[in-house]
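For reference, the structure discussed in these notes is given below.
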Amino acid sequence: MDSTIFEIIIDEFDANCSLLDAFQDSFLHSESSSFFGFEGPYCSATIDQIGTCWPRSLAGELVERPCPDSFNGIRYNTTRNVYRECFENGTWASWMNYSQCVPILDNKRKYALHYKIALIINYLGHCISILALVIAFLLFLCLRSIRCLRNIIHWNLITTFILRNIMWFLLQMIDHNIHESNEVWCRCITTIYNYFVVTNFFWMFVEGCYLHTAIVMTYSTDKLRKWVFLFIGWCIPSPIIVTWAICKLFYENEQCWIGKEPGKYIDYIYQGRVILVLLINFVFLFNIVRILMTKLRASTTSETIQYRKAVKATLVLLPLLGITYMLFFVNPGEDDVSQIVFIYFNSFLQSFQGFFVSVFYCFLNGEVRSAARKRWHRWQDHHSLRVRVARAMSIPTSPTRISFHSIKQTAAV
């Protein structure tokens, strides 16, 4: 249809551009537009080269219209407006003020600095966490005297954090070209990483089960079987990830299986189980704090001290049970402040959680500190004894003989 004839129809039957706003016809994107003159002090309805419909307007008005939804494949912020003047002689100004129409792409560029800072936080947090986690792992490995079921569960949780963080670093090293080529080894790394993510959350679930059983159900922990918790933590995630990998292979086999396509929910095969674990742990936390408050009220301590102890216990349990992930599980909003808070909070939480678990459940653990202190004193005593023996042996009583009597006296000290 000729552009001029189309504008005549628009001016006659859709002078307010209501139909065009509703249907967004393809006629809006005509490359040329001419003005059809009507007698009278008003400007006729017309369409500009961008595709914006300008309604019939009185002469002398400055008319505003919403910015186009998209142009040349770039989406724009439609909450802002474009302006055009209707002259006194009833003709439109040839220049339209599109300066307020900001591409949505600029919003992404606006967050570029925040994403870079968040990436630095991620690398720093994962490095600090791995260092703390490895130290905690070695302490649990060397201190055999504290190997009760509770500490064995802590040990396994710390192990999953170490493996998860190592796989995270491997994922960051994958080149973009390899990511696009969808190499087999790249998909294997993604699969292993997701397995350790799921095992990490399932060991948080094991922590919740143990605490809930011991505190709420008042069940003797001596009757709990270690192999049951090992099966839950390491074995149950396996079929979940295998199912996810098979579905990825047949239905979404691209980009190293990282991310997901719109409208496809394959990742929820394992993410759904993670969400379920977090919800159950939230119930565990609620019951544990409830029982704790009941016991504190029964004690003779003041109310302020009771609440302080309850808050302290809750804060300590949050990273152990993974409840902190639920604080910003989804983006709280699309405004700038919400986006920035979401970016930084998740970067800090995901990278430093291993560090906090190491601090709360190893470095500040009374049993671990006591056992480590005894082990240190024992090593110091043994070392000082060896030094004294070495000194005694280095001072002979004659050119050919060593006084073993002095060594015996030194060893008896």
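Quick reminder: no glycine exception, Cβ is built from N, Cα and C everywhere.
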Field: Same-side flag (membrane), ARG144 vs TRP257, source Swiss-Prot
entry: no
Message: Quick test of reading the record: Swiss-Prot lists a disulfide for CYS256. Which of CYS186, CYS188, CYS362 is on the other end?
response: CYS186
Message: Checking distant contacts: for the transmembrane segment (111-141), what same-chain residues at least six beyond its ends satisfy Cβ-Cβ under 8 A?
response: 147, 151, 154-155, 158-159, 161-162, 165-166, 168-169, 172, 339-340, 343-344, 347-348, 350-355, 357-359, 361-363, 368, 372
Field: Nearest of the recorded positions (CYS53, ASN77, CYS186) to CYS86 (disulfide bond) - Cα to Cα
entry: CYS53
- request: Give the distance between the Cα atoms of CYS186 (disulfide bond) and CYS101 (disulfide bond), rounded to the nearest whole Å.
  value: 41
Message: I'd like the number of other C-beta atoms within 10 A of the C-beta of CYS101 (disulfide bond), please.
response: 19
- prompt: Under DSSP, is CYS86 (disulfide bond) helix, strand or coil?
  reply: strand
